[in-house]
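Undergrad: Have a look at the structure that comes next, please.
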Amino acid sequence: GEPIRVLVTGAAGQIAYSLLYSIAKGDVFGKDQPLVLVLLDITPVMTVLEGIVMELQDCALPLLREVIPTDKEEVAFKDLDIAILVGSMPRKEGMERKDLLQANAKIFKSQGAALDKYAKKTVKVVVVGNPANTNCLIASKSAPSIPKENFSCLTRLDHNRAKSQIALKLGVTANDVKNVIIWGNHSSTQYPDVTHAKVNVKGKEVGVYEAIKDDSWLKGDFILTVQQRGAAVIKARKLSSAMSAAKAICDHVRDIWFGTPAGEFVSMGVISDGNSYGVPEDLLYSFPVVIKDKTWKFVEGLPINDFSREKMSLTAKELIEEKETAVQFLSSA
């Protein structure tokens, strides 16, 4: 087959280091899909990228047709089938969230414009770099000729964390848990919702609330653990989640490529236009989705109780504020 062109930005960073091998060996696009990997990063780390290129060559992977390291957007974004935007300005000590938003608004405006100019119009764009939802919205707005639906941001790591916490609590495997939902922002306001989740216990599928029989844990510590997990990893490891983030990116992209299993849905940050859950339009908000033929659809008709509604509104409010801040920076830039 023809190779597909896959871009990873922030390619000299930690997450990319865990991610590139999985992509190149066929875990994401299938064992018979050849690919060209394009690695974008900033000029000062180009020698690091050369080392990564050497390592990828030394893996002797049959699917990997070419690796292109670059610090130039016109090279990186050309004719892409998929762009995985991992690179972003990390939060430094003493930085306010709005400083972070400002620095990243610039980066993602520029990358959105490059996608618009150089990539295929069918390109799928996955934003990982934080603040992921708002960065994704900015990239999409800066690429008007690419459908908004082609842009998504990663909340799969939160989704996986939620599944795993339920599995640990019940002594089952993560595969026995399905249909958890992450609503909203990839931040500590996100709402991990297991109201509609199912778990397979001894061969029988039951609701998570019914299986766990501990509502105060499910409405309290469970939610906090998922919301704060990233910070907990940083505290312990002195570095942010990389292995688990890379695995989540693989899950997210594979589902875009091959679709979601029957009867299951996953969480993805997508454009909120036309949703039936009362989330304001024109936000990049995490919803439960099903995917078929590389196209996602909202999971419709899930009943939302008052507890959930309040949490969903709270995270929407934060996203509205972030969006306003980012749009201000962009219009003054």
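One-based numbering along the chain as shown.
Using N, Cα and C of the backbone, Cβ positions are placed for all residues, glycine too.
Just so you know, TrEMBL annotations never went through curation; they're auto-generated.
Marked as active site, proton acceptor by TrEMBL: His186. Annotation source TrEMBL lists NAD(+) binding site at Asp41, Asn104, Val128, Gly129, Asn130. What TrEMBL lists as substrate binding site is Arg91, Arg97, Asn130, Arg161. Marked as domain 'Lactate/malate dehydrogenase N-terminal' by TrEMBL: 5-151. Residues annotated as domain 'Lactate/malate dehydrogenase C-terminal' in TrEMBL: 155-329.
Map the listed features onto the structure and describe their local environment.
TA: For His186 (active site, proton acceptor), other Cβ atoms within 10 Å of its Cβ number 29.
Its Cβ taken as reference, Val128 (NAD(+) binding site) is surrounded by 28 other Cβ atoms within 10 Å in the chains shown.
Neighbour list (Arg161 (substrate binding site), Cβ cut-off 8 Å, at least 6 residues apart, same chain): Pro192, Thr225, Val226, Arg229, Ser244.
Taken residue by residue, the domain 'Lactate/malate dehydrogenase N-terminal' (5-151) breaks down under DSSP into 66 helix, 27 strand, 54 coil.
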Undergrad: Given the binding-site residues Asn104, Asn130, which one is most crowded in terms of C-beta atoms within 10 angstroms?
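TA: By the 10 Å Cβ neighbour count, Asn104 comes out on top.
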Undergrad: Compute the C-alpha separation of His186 (active site, proton acceptor) from Gly129 (NAD(+) binding site), stating it in Å without decimals.
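TA: Spelling it out, the Cα of His186 (active site, proton acceptor) and the Cα of Gly129 (NAD(+) binding site) are 10 Å apart.
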Undergrad: Between the Cα atoms of Asn130 (NAD(+) binding site) and Arg97 (substrate binding site), what distance do you get, rounded to the nearest Å?
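TA: For Asn130 (NAD(+) binding site) versus Arg97 (substrate binding site), the Cα atoms are 10 Å apart.
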Undergrad: How many Å separate the Cα atoms of Val128 (NAD(+) binding site) and Arg91 (substrate binding site)?
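TA: Taking the Cα atoms only, Val128 (NAD(+) binding site) lies 14 Å from Arg91 (substrate binding site).
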